[in-house]
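Peer 1: This is the structure, below, for whatever I ask next.
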Amino acid sequence: MAQFEKVSQKSKVHPKPEGLTLQYGTAGFRTHATHLDHIMFRMGLLATLRSKKTKSTIGVMVTASHNPEEDNGVKLIDPMGEMVTVVWEGYATQLANAEQDSLLKELKDIIKKEDIDMSEPASVYIGKDTRPSSVSLSQAVLDGVSSLGGKTHDYGLVTTPQLHYMVCCCNTNGCYGSPTIEGYYQKLSQAFLQLTQNALNRTDDQKRLLVDGANGIGALKMREMEPFLRSELQVVLSNDGSSGKLNHMCGADYVKVQQKAPQGMNMGVGERCCSFDGDADRIVYYYTDSKGCFHLLDGDKIATLISTYLKELLTQAELNLQIAVVQTAYANGSSTRYLEDVMKVTVCCTKTGVKHLHHAAQEYDIGVYFEANGHGTVLFSKAAQKQIQELMKDPNTNDERKRAVKLLESTINLINQTVGDAISDMLVIEAVLAIRGMSAQDWDAIYTDLPNRQLKVTVSDRRVIDTTDAERRAVSPKGLQDTIDMLVKKYKSARSFVRPSGTEDVVRVYAEADTQESADSLAHEVSLAVYRLAGGIGDEPKPLH
Ligand code: 16G
Ligand code: ZN
């Protein structure tokens, strides 16, 4: 078949280094950029097949998010803007690891298994981040799609959530919005301006926000968006990519892990600051107090702020919709307790990784999901959106209810429901703080985080650790969970768990307790248990103090 002839020829331009095997992990393929050319070409092929199979547009994003600039990666986006399904993740790995001479065989195998009609047209949207390697790597994706006769639309430099948005807009025939960058800015800014109309007497100081763009794509896109916000938000952008290196000493991951401000940010006392990650799908907030103390407002604090605001609006609108917050084991114990005991919202815990949280959130009328690392969004079920729209049109709705319903409607429009989106989340947070007249300190005071510590342990094979109960308990190796349980009992308000990382060859350890010293000590003791019971390699973990 001529179709496969072209694939065969073109694949020689994107050869696979012999013996190299990679896996489609939690966030797609991710490794040093020099190992990815063949992967990109093959993901172009796979996206084309996925498009033919689903009769929809599929997205391919070239990025390695918060990883160092030298790395790169690729993720596939399914028709409604969600992550590609698990079965196709398997195909991605299968295709990626096929040696050069068996590529066509594996391709045909997928076509057969999925019963794909190759005469169907295919359409693939492609985007990339600002890494120098993204230029040629996204070209390799384009080559893959065109060699199977698929149509491409290259959006060039976009944030990951912007590409998710485009894919969803396209496959809903514009119902979700118009699939252009301009359409994205217009939809979000209109909703933001509508919301901030409800915030009275805001001073310029209150409109000011310091944004760390991680020297990445988020900074470029924030610059483009600024005029649309008509000074209702006065962004002071640092790490805008003009001089610094991507994610180096800056960005959401750096701030969250190091628990300190990024370089290059001039923070005044109490000033609201936030950091994006390298592809702008994560955000964390922070400020320093008058004593120079750094305060982090992470994904848990964001989920709490947004869910509290939404719950209040539901009450005012007299809408009986179930709201739930989805977290992972990393959520600070204080946040879970506050949400359950004070806010009385349903809290559900899933495994780490956006797709798990996203699926869990789909089960509720309103599902607010955030990982502590700042990735998250809010999902509104179709039925919930319909109820809100109907109430809006109902002539019997009184003014107070109408105001709440209008706020809900604008909030829905402001949220990127396809995936966590730093720009959209930032605008939601800014709007909520403005409407409620809250400062960063007021927000921080909602509850106090339990001191915590994250460590990693290198073992010879991290797969020996198997977990259950949303990664909160280890079922293997034998004796590990019993040891953790015993150690946790030694400390007050303590909790600890271990899990194999999905993105690095390490075991992650998390501990929290009533004081930082206890959290550090517990994390160390649990690390030692992992080292001893799960085949640790290298030096034994040392105490932190
Ligand atoms: C990936 C995930 C993120 C998760 C992280 C955990 C996506 C898009 N990203 O970056 O949600 O928090 O992995 O990494 O799913 P770990 O398994 O190495 O701890
Ligand atoms: Zn990211």
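In case you wondered, yes, glycine gets a Cβ from its N, Cα and C as well.
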Peer 1: Do you know which of S65, S476, S493 TrEMBL groups with D277, D279, D281 in the Mg(2+) site?
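Peer 2: Answer, per TrEMBL (Mg(2+) site with D277, D279, D281), from S65, S476, S493: S65.
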Peer 1: Find, for the listed binding-site residues S65, N373, the residue with the lowest Cβ contact count at a 10 Å cut-off, counting only other Cβ atoms.
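Peer 2: Looking at the binding-site residues S65, N373, the Cβ with the fewest others within 10 Å is that of N373.
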Peer 1: Taking ligand 2 as the reference, state which of the binding-site residues D277, D281, E371, P500, G502, R508 have a Cβ closer than 6 Å to one of its atoms.
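Peer 2: So the answer is D277, D281.
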Peer 1: Which of these binding-site residues (D279, D281, E371, P500, G502, R508) have a C-beta closer than 6 Å to some atom of ligand 1?
Peer 2: E371, G502, R508
Peer 1: Let me know how many other Cβ atoms fall within 10 Å of the Cβ of D277 (Mg(2+) binding site).
Peer 2: 35
Peer 1: Across all chains shown, how many C-beta atoms besides its own are within 10 angstroms of the C-beta of R508 (substrate binding site)?
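Peer 2: A 10 Å sphere around the Cβ of R508 (substrate binding site) contains 24 other Cβ atoms.
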Peer 1: Can you tell me which of the binding-site residues E371, N373, R508 is spatially closest to D277 (Mg(2+) binding site)? Compare CA atoms only.
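Peer 2: Its closest listed neighbour, by Cα, is N373.
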Peer 1: Spatially, and counting Cα to Cα, which of the binding-site residues is closest to D281 (Mg(2+) binding site)? Options: E371, P500, R508.
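Peer 2: Checked the binding-site residues E371, P500, R508; minimum Cα distance to D281 (Mg(2+) binding site) goes to E371.
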Peer 1: Which residue counts does DSSP give the domain 'Phosphoacetylglucosamine mutase AMG1' (298-436) for helix, strand and coil?
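Peer 2: Taking each residue of the domain 'Phosphoacetylglucosamine mutase AMG1' (298-436) in turn, the totals are 79 helix, 21 strand, 39 coil.
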